[in-house]
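**Student:** Please find one structure pasted underneath; my questions will follow.
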Amino acid sequence: MPEVIYVTGGARSGKSCYALKLAERYKCRVFLATAEAFDGEMQRRIDKHKQERDERFTTVEEPVYLDKALRALPDGTEVVLVDCLTVWLGNMMHYLGDEAAINERIDALLDVLKNPPCDIIFVSNEVGMGIVPENAMAREFRDLAGTLNRKVAERATQAYLLCSGLPLVLKK
């Protein structure tokens, strides 16, 4: 059975770098990018991530339909690194808006995890350890992210929390 590896942590904690290191042990690697460049700053972040992984990965971009992208990976894919779930959630809030539609997409992703096509490494931000956001949309995002992270971590065979660049084992 393929492995599902969950990597979480705060902003700039080293999540993506750690996930890239985990993926290095595979020959045929896919990077499933969820981010879209809505502005210059986001484009710079995307460009930086592309440089970090260079030609070692085949890149697939999918901002909303992760389940479909995971089911349509190139033949021979040994591992897919999905970066990141919280950006994906933000995309769904933007494009789908409706919580029922968002939960439908989350359920579709979780359905893929019942029989993964290959090893999957998920990167996600931990957003629930700070203060309660002051506006309703930010609270909804925080709550949905917490639920999404919990459900993916439950299905993961391994889980890591990155703190100051150090991986803490949550599940192995």
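Each residue, glycine too, has its Cβ placed from N, Cα and C.
What TrEMBL lists as GTP binding site is 9-16, 33-35, 50-53, E61, D83. Here TrEMBL flags H49 as active site, GMP-histidine intermediate.
Give me the local environment of each listed feature.
**Tutor:** In sequence order, E61, E62, P63, L66, V82, D83, C84, L85, V87, W88, N91 make up the list of same-chain residues 6 or more apart from T34 (GTP binding site) whose Cβ falls under 8 Å from its Cβ. DSSP classifies T34 (GTP binding site) as coil under the three-state reduction.
When Cβ atoms from all protein chains are considered, those within 10 Å of H49 (active site, GMP-histidine intermediate) total 18, not counting its own.
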**Student:** When DSSP states are folded down to helix, strand and coil, where does R12 (GTP binding site) land?
**Tutor:** coil
**Student:** Based on DSSP, name the secondary structure state of H49 (active site, GMP-histidine intermediate): helix, strand or coil.
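**Tutor:** Note: H49 (active site, GMP-histidine intermediate) is helical by DSSP.
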**Student:** Among the binding-site residues listed here (G9, R12), identify the one with the smallest other-Cβ count within 10 Å.
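**Tutor:** Candidates: the binding-site residues G9, R12. Fewest Cβ atoms within 10 Å: R12.
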